[in-house]
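Colleague: One structure coming up, written as structure tokens, with questions to follow.
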Amino acid sequence: MVLTDLYGRPVLSLRIQLNTTCNFNCFFCHMEGTEISGEALKPEEIERVVKIAHKFGVNKIKLTGGEPTLRRDLIDIVKRIRKYITGNISMTTNGVMLPILAYELKKAGLDRVNISMHAFDEDTFQAITGVNSRDRIIKAIDAANEAGLTPVKINFVVLRDLNVDQIPDMIELAAEKHAILQLIEYETTREGESSKEYLKYHMPLDSLEKEIADKALSIERNELHNRPRYIIRTQAGEVKVEFVKPQRNPDFCAHCTRLRITSEGEFKTCLMRSDTNVKFKGINDEKTISELFRQAVLRREPYWRPGDEVRQNEVLAKSIIQNKRK
């Protein structure tokens with residue numbers, strides 16, 4: 001039986017945060033809406049909550065971090081999840097460990113990966129991530145393809161005056177590697193919109209999307225968040241470019257069918273909120289966890305509502321003023 005929240009949104013998938021540690025230091029990382037924490041959920045705890053979620057109709061899992069490949073028990077975790085989930089199991093990763101782990105992850109039951117690559121050239125890559133690993137990420141994409149962790153999605157957070165000029169190269173790279181390129185809007189909470197980093201680097205993607213749409217051979221829709229995906233032709237062949245535009249986007253929230261699980265053992269109803277979290281860590285009784293799961297679903301509500309998109313103009317005005325003062 002699929003559970004539906006009070007806004008008519010079914011919960012069809014889980015986004016499971018395996019840890020909060022990472023070997024990159026991207027300044028815009030939202031850390032899945034959590035803080036750096038200590039002990040993470042054990043494999044058997046993750047298995048238990050997946051088993052319960054599956055009883056409620058969940059059949060799709062996304063593994064995230066931090067950086068999930070830093071967990072030494074990652075293969076075991078994937079195997080445990082696959083016992084219950086017949087749908088898609090995917091993982092978001094920076095890719096550093098993929099050349100080593102790709103085949104074992106596929107064998108364990110992982111279907112595909114999202115690989116974060118926020119710049120095409122080495123200098124910008126290092127400026128964003130704090131590490132000199134651009135070439136290794138290219139190898140990670142190749143390793144994922146060779147292992148069958150496909151289709152690979154390349155996550156690219158668009159940052160004004162930092163990596164926008166590299167989007168054409170990223171599109172060609174995605175086409176060459178038979179990957180899907182996800183152009184992702186830099187997102188934050190309402191309070192975070194006034195931060196220096198956000199005002200400096202946030203860029204609405206509407207004009208960029210129109211440019212891509214004008215070149216598109218066809219368009220698809222990702223049911224999650226109703227995200228548009230354009231098929232365009234490049235020198236390396238056809239490629240899919242998907243736009244992820246969450247900031248002040250009521251339509252994005254209206255199509256959210258995902259419940260999050262934090263590494264500390266909480267059901268998290270929304271990336272942007274922690275006040276509605278429901279803790280299940282330390283509870284072994286499946287009946288009790290099932291009830292907590294129900295509670296979490298009923299606490300879900302859209303973060304962005306109709307009318308919030310209008311205030312985006314105020315945020316843009318602040319950004320323009322700040323950048324003129326540079």
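Yeah, the Cβs are placed from backbone N, Cα and C, and that goes for glycine too.
Positions annotated as GTP binding site by Swiss-Prot: Arg15, Lys62, Thr92, Lys153, Arg258, Leu259, Arg260. The annotation [4Fe-4S] cluster 1 binding site is assigned in Swiss-Prot to Cys22, Cys26, Cys29 on the grounds of sequence analysis. What Swiss-Prot lists as S-adenosyl-L-methionine binding site is Gly66, Ser116. Per Swiss-Prot, [4Fe-4S] cluster 2 binding site is recorded for Cys253, Cys256, Cys270. Look at Swiss-Prot and you will find 6-235 tagged as domain 'Radical SAM core'.
Help me see these features in their spatial surroundings.
Modeller: The Cβ neighbour count for Leu259 (GTP binding site), using a 10 Å radius and every protein chain shown, is 26.
DSSP gives Cys22 ([4Fe-4S] cluster 1 binding site) a coil state; it is part of no helix or strand. For Cys22 ([4Fe-4S] cluster 1 binding site), the same-chain residues that are 6 or more apart in sequence and have a Cβ closer than 8 Å to its Cβ are Cys29, Gly65, Gly66, Glu67, Leu70, Asn94.
Summarising the environment of Gly66 (S-adenosyl-L-methionine binding site), the number of other Cβ atoms within 10 Å of its Cβ, over all protein chains shown, is 24. In the three-state DSSP reading, Gly66 (S-adenosyl-L-methionine binding site) counts as coil.
DSSP assigns Cys256 ([4Fe-4S] cluster 2 binding site) to coil in the three-state reduction, placing it in neither a helix nor a strand. With a 10 A radius on its CB, Cys256 ([4Fe-4S] cluster 2 binding site) counts 22 other CB atoms from all the protein chains.
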Colleague: So among Cys26, Ser116, Cys270, all listed as binding-site residues, which is physically nearest to Arg258 (GTP binding site)? Use the C-alpha atoms.
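Modeller: Its closest listed neighbour, by Cα, is Cys270.
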Colleague: Distance check, please: Cα of Arg260 (GTP binding site) against Cα of Cys270 ([4Fe-4S] cluster 2 binding site), rounded to an integer number of angstrom.
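Modeller: Here the two Cα atoms lie 7 Å apart.
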Colleague: Show, in sequence order, which residues other than Cys253, Cys256, Cys270 on the same chain lie with their Cβ within 8 Å of the centre of the Cβ atoms of the [4Fe-4S] cluster 2 site.
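Modeller: Close Cβ neighbours, site residues excluded: Arg9, Phe252, Arg258, Leu271, Met272, Arg300, Glu301, Pro302, Tyr303, Trp304.
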Colleague: Would you identify the secondary structure of Thr92 (GTP binding site) according to DSSP, in three states?
Modeller: strand
Colleague: Compute the centroid of the Cβ atoms of Cys22, Cys26, Cys29, then list the same-chain residues not in that set whose Cβ lies within 8 Å of it, in sequence order, for the [4Fe-4S] cluster 1 site.
Modeller: Phe24, Asn25, Phe27, Phe28, Met31, Gly66, Glu67, Asn94, Thr129
Colleague: Around the C-beta of Arg15 (GTP binding site), how many further C-beta atoms are within 10 angstroms, looking at every protein chain?
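Modeller: For Arg15 (GTP binding site), the count of other Cβ atoms within 10 Å is 19.
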